[in-house]
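One structure below.
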């Protein structure tokens, strides 16, 4: 049904899907990675980046497998309902929710081959878009569903806080440094305090908060309405993103080749691992958007290989961006938002490029903020929705948008430490979305598939990491990360 909850949308080729996934993963997190690399040391950073990339790929295959299992469950339910409607001896009052339970019982007595004959030979084909929330409802119990929504909501709040801080920070750095004695000096190693002057009596922190207020007033109202990301907007932001990334890599390589490099990165600094972990998790995040990305791919036979190719390319890109950064700039001059290092006249004397890179986050993040906000608002509505119930106008149009917009703006008002915001968001909510939820989805979907279709049925999109060991390994790793990051934060604060 067009426009339905599982509507696939317009199909595209596997290679177009590869490009879309690349653009989805390589986003704001990449701009904070060079500073995290410098803080943790190049050897530790490279090892951790490769390991977390491998872990993210593994859990991506778990989500694809769960999507296939969910598609098979939906087909099974429809086949069972059709059979009950056609069977004159069956009772006419069977509800749709009872059909799946009946399927469990029938699967124990019905031969597997008859199941295959009655349905499609590719019953696990991914043709319907089943979002992660819907998969959670299919495979998890009530507590699991609530925990899923709690995790995704916290992650989206972190996303919005990062976006709300990144735009005012960029505007503050560019405009405050373009006036007075600070002209062209953003990336020259000069350290500014928030209390330093920006324009006349206006301090830098005041300028930041003024920009934050303007950002909230301009983009905040979109939270109260429905917005849709157009294809042309996506093309424009993707083009700007790649121009900016390529420019930064080329400018850094030119400076290194001329012998002007100032970076002398250390091999390892264990104190920086916490933020690096969060940044890397955040920078590989795509699991929550996989259903919308994978489902429209026209040929999915080699989808896991295409995803692996994507991860290899992304790993190479992150390494190139970060290594050119840490050898081009001194550790203490690398900015939280890497683009700001290129607003210095000594790095590039073309004013247009300086301002383009300095204001790059403003353009791209501003287009994404309303979409993320509406996604978070809709998740709140889904979490509290009851079958057949509706929300009062005030709750629907005022309360939900308000609880979506106010918390991240308050966080951005209190801090503009982007490295910490990205690190905490990735280390906690990102950890749940990227590791724990996919592992539980894979485990529960396999269990349900065996109950419905029998133990001999094989999911054609079964993850290459099909042994239960890998699921246990991911779960242990995910929970260990929670403990490690929390302990690291507590110890760091106690030293202060």
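The backbone N, Cα and C atoms fix where each Cβ goes, and this holds for glycine too.
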_79-98, 99-118, 119-138, 139-158 - the range that TrEMBL marks as transmembrane segment_ = 139-158
*asked:* Please identify the range among 174-195, 306-327 that TrEMBL labels transmembrane segment.
replied: 306-327
*Of the residue ranges 446-468, 469-491, the one that TrEMBL records as transmembrane segment*: 469-491
*Of the listed stretches (12-33, 39-72, 139-158, 239-256, 469-491), which one yields the highest count of Cβ-Cβ distances below 8 Å with the transmembrane segment (347-376)?*
239-256
_Take the C-beta pairs under 8 A between the transmembrane segment (306-327) and each of 12-33, 139-158, 469-491. Which stretch has the highest count?_
12-33
